[in-house]
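> According to TrEMBL, the record shows the following:
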DOMAIN    303-338  domain 'EF-hand'
DOMAIN    415-578  domain 'Miro'
TRANSMEM  680-699  transmembrane segment
Amino acid sequence: PTLPGTLFLPPMYLKKDFLLSLIREATRVGKTSLIMSLVSEEFPEEVPPRAEEITIPADVTPERVPTHIVDYSGNGCAIHMAYAILWHCLSCKQYKTCYILASSNDISLLPLILVGNKSDLVEYSSMETILPIMNQYTEIETCVECSAKNLKNISELFYYAQKAVLHPTGPLYCPEEKEMKPACIKALTRIFRISDQDNDGTLSDAELNFFQRICFNTPLAPQALEDVKNVVRKNLSDGVADNGLTLKGFLFLHTLFIQRGRHETTWTVLRRFGYDDDLELTPEYLFPPLKIPPDCTTELNHHAYLFLQSIFDKHDLDRDCALSPEELKDLFKVFPYMPWGPDVNNTVCTNERGWITYQGFLSQWTLTTYLDVQRCLEYLGYLGYSILTEQESQASALTVTRDKKIDLQKKQTQRNVFRCNVVGMKGCGKNGVLQALLGRNLMRQRQIRAEHKSYYAINTVYVYGQEKYLLLHDVSDSEFLCDDETICDVVCLVYDVNNPKSFEYCARIFKQHFMDSRTPCLMVAAKSDLHEVRQEYSISPADFCKKHKMPPPQAFTCNTLEAPSKDIFVKLTTMAMYPHARLRCMCACNRCTFCICQNFLNSDLLQSVKNKLFTAVLNRLRPHVDELGAMLLADEESSIIHQVHAVSFVEDSIFMESSLDPHLFEDRHMTQADLKSSSFWLRASFGATVFAVLGFAMYKALLKQR
């Protein structure tokens, strides 16, 4: 339903394009003549009752926007709509009508331009009469006198109309107080903090040049920079400090631009940093489009980590590689709210004082990117990522991983972040596992307040020399898991060795959700420092793992003097990276290289050859060891004697353990040929040992690379 005096137009005239509405508030003011003179560039002798709708192309307008001009006929009506300009065309003779309009309530919502037409009929200016009205009503952007007959200020009229919509004064400046409005000061303060890349409180010449280039695509000459700072010094005592522009000086410059009618300069800066006409960051700026296919995750790329490193270094004023609460608060001053709560300190690594470290800072951003990518885009927008890195949007900071099914097919992954769901009944030690990933023992965990508890923990883990992020999530201890709680890269099943009913829960959850899935699972026996009791289950945890081809239960405790062991986290990350190859050769495909090598090493043929070779070497060496010692004693070589006796002692031990026949030592007579033969077999056995060690090392290296 429409109200009297209100007109609704099609959406094509809203938002991007601008509707210039000429409203006749008094008869015969020359409204239609203005439009005809603009189009034909000459005064029309015959003026129609109403001009046709006209569209001015964007390439012929100063602001490069298409302009729609609509001639409306009406009697004392006003048009209210978004992104429209109300042009009140008034004859220079009709001052009474002008005052009637100014006292009307219909002109209080949109920017206005007062146009004094037919200036060719008078010999004086009416601006002195109009200025008090402009001062009284802030909605009036400007006032101009023109003449359709003499073509005076016709083009300027339409330029001011576009300027009033694109660069309105109302949101920026308060004429009564002669200063900028709080919303404008807040936006410009955020822009200053982003541009102050070294966080010294001033904009240096390099920072001002960068600011000028990203906003206006042209750098400032050195003399121009000095002229700007001299203007600030002349009007503001603390506007320049250490040859840099302070925040007060920065705000003063924009106030000066607005007061001198150059508010398009301020609007250009505001829109470059993502602000709309209401001085709010636009959704297009904060949430750029990002397509994420199913079964894919999001991670920060190398450029994003470099940017976050520079942000951390900017606010780490004491250079202790940790952010104090004051430094963290200073970092988030460019945010409209505090994004991190006290639970973050129990999610990532901190120092002894509880301050977030550099590694913890990057880990928290990695966690946000993985769990809530839209929030990550929003946070990067607040920090000005796309502006400081000169990228199209902050979406360029993210990498969308490929489908997990492709990783399983290719048996390799390019992911750097792996999610592990920690499952177990209440009180089994799940929170201890999460905090152990952050290097906290039981004593430090007891200092955590209950309201600051976190159900996530993330830290870096090195697997075969590669740095990966392991994200632990403490899922609910209900009888059944929801679908979201089963989506992960690896599962950590935790039971309490001191609780006889703890393992039964892990076994039931495994059978319900993970026994038939391709998600690898690891059983963790928590609180291993306590007395282990028998679990009330049909089979033991070790037999259960063996039955389901899982690695054996891993003993774990966080009741240590130093940081808890991270062995289980390395195993969890390894299983997440290589889900097709179970730990301890749990793969049973008998087709891959891993299985073939393991089967060959465990084959009966290889074991038989190894035993026969070992027996032959011992049989050949044993009859001559004591005789060799006797000959060396005769030569009084004391140092060599000790070595030979040591060899004899070792060989006797091996002989006793191997249960060889003692009759092999009855014949101890040695000849020169036997001595040469024994030396040959010594060298042969040593070479065979070296060859075996090198071969096994090469096999392990190839296995690790795979």
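The count begins at 1 with the first shown residue.
Glycine residues also receive a Cβ, built from the backbone N, Cα and C atoms like all the rest.
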> Counting only residues 6 or more past its boundaries, what in the same chain has a CB within less than 8 Å of a CB in the domain 'EF-hand' (303-338)?
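Tertiary neighbours of the domain 'EF-hand' (303-338) are 190, 193-194, 197-199, 350-351, 353, 355-358, 361-362, 365, 379-380, 382-385, 388-389, 396-398.
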> Grab the pLDDT values for the domain 'EF-hand' (303-338) and give me their mean, rounded.
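Mean pLDDT, the domain 'EF-hand' (303-338): 96.
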> I'd like the per-state residue tally for the domain 'EF-hand' (303-338) from DSSP, helix first, then strand, then coil.
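Split by secondary structure, the domain 'EF-hand' (303-338) comes out as 23 helix, 2 strand, 11 coil.
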